[in-house]
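Trainee: Let me give you the structure first, and then I'll get to my questions.
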Amino acid sequence: MTILCSTKCGRNAVLKRPKTGDTLCKECFFWAFELEIHSTIINGKLFKKGDVIAIAASGGKDSTVLAQVLKTLNERYNYGLKLVLLSIDEGITGYRDDSLKTVLENKDEYQMPLKILSYQQLYGWSMDKIVAEVGRKNNCTFCGVFRRQALDRGAMLLNVDCIATGHNADDIAETVLMNILRGDVARLQRCVNIITTTEGAIPRCKPLKYTYEKEIVMYAYFKKLNYFSTECIFAPNAYRGHARTFLKDLERLKPSSIMDIIHSGETMCIKENVKMPERGVCTKCGFVSSQDICKACMLLEGLNRGLPKLGIGKSSKANKALASLSNPKSLNF
Amino acid sequence: MCSVNDEGAESFEELKPDEPLELKCRKCLTEDGNVILRKKDVYCKTCFIPMVTHKFRATLGKSKLVNKGERVLVCVSGSQSSVSLLHLVWTGLQQSTYKRLTFDPVIVYIDESILFKYPQNQQNKIQELFEKYGLSYHIVLFASVLYSNNCLIEDTNIDQHNNKLKNIFKNISDLTLKEDMLMKLRKHAITKLAKLLECTRIITAENEHKLSIRLLSNVALGRGSQIGLDIGLAVNDKTNSKKSLITIRPLRDLSAKEISYYALFNKLEDYVHSNFLTATNEDESIQKTTEQFINNLQVEFPSTVSTIFRTGEKISEKTSRTAYCSMCQGIMDIEMPPSSAMEATKYSKYVSLMGLKALELSLNNIDNKESDLKRCNGCYCKNNQNSKEELLKNLCYACRHIIQNLESLDDLPEEILKKNSEKLQFQKMEEQIKDFLL
Ligand SMILES: [Zn+2]
Ligand SMILES: [Zn+2]
Ligand SMILES: [Zn+2]
Ligand SMILES: [Zn+2]
Ligand SMILES: [Zn+2]
């Protein structure tokens, strides 16, 4: 049975859009996919002419598709942007080696400059070394905390105007759920923003904010894009895993759930009388932090002192532990 | 990508292996324990009941919203929470002078047996229960409340009204939307009863567990802006400006377990209370999936329910304009900026239908195009379609999802439609004179 493309272009449909349920031919799907991101960029005022944009490139599907689409749109609609790829090498044997290969291929294919920064360079510790020290239970904490700052540091070095990350609609919806589950209203508020700006840090934006993960896979599949698809080889966080499964269940029941959750996030706000954590800068490294000493420095301190559990649990506990150490300020890291 | 993303570290209270339990009550230290709460706190029966009563009174008192002699509608559905609420209210009225509850309760039970299978004698049993307490009460039929102005005395058209009610749900095939609609109609019925019975306060029996499920379901349904309204301690019905109607949920700080024990120790019998999700699977509706998700998490991470609940405490709606949904009284959340999930969804639908042509037409044409697409091809339903469009204008994001699924509006309660046409009338007036308003 052949089904016609719902745009009435005359061609046969080859796919059903996960987001809207419409049947489309390959060409019309590419158009729809790219136009939607174009409209997200224009409506969200994500870029200015002449901006230098760092694309956070992990080699995974989101960032690979982001690089491809930004390059296409930049040329097609004369954004006037300078695009660069920024990669972080966590130093995970068998995971990052392979994914960085993909990034290198992207660099050649899209002819974009690429900067790779390693945890070893930035922190003196690769993830392999960290795992050897802390085991596999908490290593994703390190991985996540270090990556967040690594992108900021890399972007500073490259002197860019904005970092574009590959977060898609599923990621945002999942994060809304996660922040409700862990009671983090400050993040709940921030996570639906399409641009996040913090004083002293380079703004970040999410051009794929309204793009469904399934459609990203579809786009990569039909464009035959090369991406690295292995999940992080360390055990994923159980809690986030549950939230992800939950979101998939909701999407199956009602495909619009992902957008409905983002809509919820966009229409909620924090009551005036709720105390919010103050965001200042870390006294050690100068990067954004809600504590005197940022999480990255805290974790690093633990590693360097041979107390890797430090900083994993509640911050107050870590602060106490840190205070009990002899003159922690004199330490260099 | 790594499972942590960039949002930073995550720390959750994980379930600790069972610690040895103290067997004596933590309060009096002499009696043997009868209840274990939060896996560690042991209470004896004698200390437990006053603790629950205290929480109820504290939550009610915190709101400082119930005045002496005020008429308060107490909603009893038959569920364990609701019979406990009734018992707590009654006990409060029997207290010695300075502790006594001083409001004037009016108990209501809405009989939904037209929609769900209840034991035949259920209504009689509820009546016996109410008689036993000796408070003033009303037992009313759901359809009568929704469609008749005479529901407190006698509804002469009950068959017709029952059919209307059944029709609404027959026309909604999706279980998620069906249940959502039921919630909104129940709310509508309770509000109407409060007005008819001249009550200015409404007390309902939801506990912490139920409210946390409702919160997360609301988020999943796009009702994030209504969290305050649906789970808050005290909610002001701002649409009723003359006599402000306030809903209070005094059991919200009690866990489901605390309530079960309270009911058990006081030998309170509860009654069947169904909804469309009763006896359905978790993979058939968003609400049930959510409930299952929370219950499973709660086993692994015992602080789940209370954390979700406390998150809800800190959230309110983003309001720039004070307009309310004609169906659910939630804040209108459909005037969103161009960069929003709602507009992005609209654009997705548009692009999928227009393809390449989407580029030529400006984004502003979407709305016109959309209504063009909705109009049927020369069928006779134009009027009907028009009134539906008009109703949709005054519905919130999530209620639109429900009404879009309805073939006809004929079975909706009259007040909803009437309120809507009043609003439209007012909006038209505003439109006409807007250039002259200073
Ligand atoms: Zn086509
Ligand atoms: Zn990881
Ligand atoms: Zn630091
Ligand atoms: Zn005791
Ligand atoms: Zn509504």
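The backbone N, Cα and C atoms fix where each Cβ goes, glycine too.
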Trainee: Need one residue: from A:Ile88, A:Ile194, A:Ile195, the one TrEMBL lists with A:Ala56, A:Ala57, A:Ser58, A:Asp62, A:Gly166, A:Asp171 for ATP.
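Mentor: Among the candidates, TrEMBL records only A:Ile88 at this ATP site.
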Trainee: DSSP secondary structure for A:Ser58 (ATP binding site), reduced to helix/strand/coil, please.
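Mentor: DSSP call for A:Ser58 (ATP binding site): coil, neither helix nor strand.
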Trainee: At a CB cut-off of under 8 A, do any of the binding-site residues A:Ala57, A:Ser58, A:Ile88 come close to chain B? List them or say none.
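Mentor: Among the binding-site residues A:Ala57, A:Ser58, A:Ile88, the ones whose Cβ sits under 8 Å from a Cβ of chain B are A:Ser58.
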Trainee: At a 10 Å cut-off from the C-beta of A:Gly166 (ATP binding site), count the other C-beta atoms across all protein chains.
Mentor: 23
Trainee: Please give the average pLDDT for the domain '2-thiouridine synthetase TtuA-like N-terminal LIM' (A:7-29) in this predicted model.
Mentor: 93
Trainee: Within the domain 'Cytoplasmic tRNA 2-thiolation protein 1 C-terminal' (A:281-310), count helix residues (DSSP H, G, I), strand residues (E, B) and coil residues, in that order.
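Mentor: Reading the DSSP string over the domain 'Cytoplasmic tRNA 2-thiolation protein 1 C-terminal' (A:281-310) gives 11 helix, 3 strand, 16 coil.
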Trainee: Given a 10 Å Cβ-Cβ cut-off, pick out the one of the binding-site residues A:Ala56, A:Ala57, A:Ile88 that has the most other Cβ atoms nearby.
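Mentor: Per the Cβ count within 10 Å, the most buried is A:Ala57.
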Trainee: DSSP on the domain '2-thiouridine synthetase TtuA-like N-terminal LIM' (A:7-29): how many residues come out helix, how many strand, how many coil?
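Mentor: DSSP classes over the domain '2-thiouridine synthetase TtuA-like N-terminal LIM' (A:7-29) add up to 4 helix, 5 strand, 14 coil.
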Trainee: When a 10 Å sphere is centred on the Cβ of A:Ser58 (ATP binding site), how many other Cβ atoms does it contain?
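Mentor: A count of 24.
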Trainee: Compile a sequence-ordered list of residues in the same chain as A:Asp62 (ATP binding site), six or more apart from it, whose Cβ lies below 8 A from its Cβ; state 'none' when nothing qualifies.
Mentor: A:Gly166, A:His167, A:Asn168, A:Asp171, A:Leu208, A:Glu213, A:Ile216
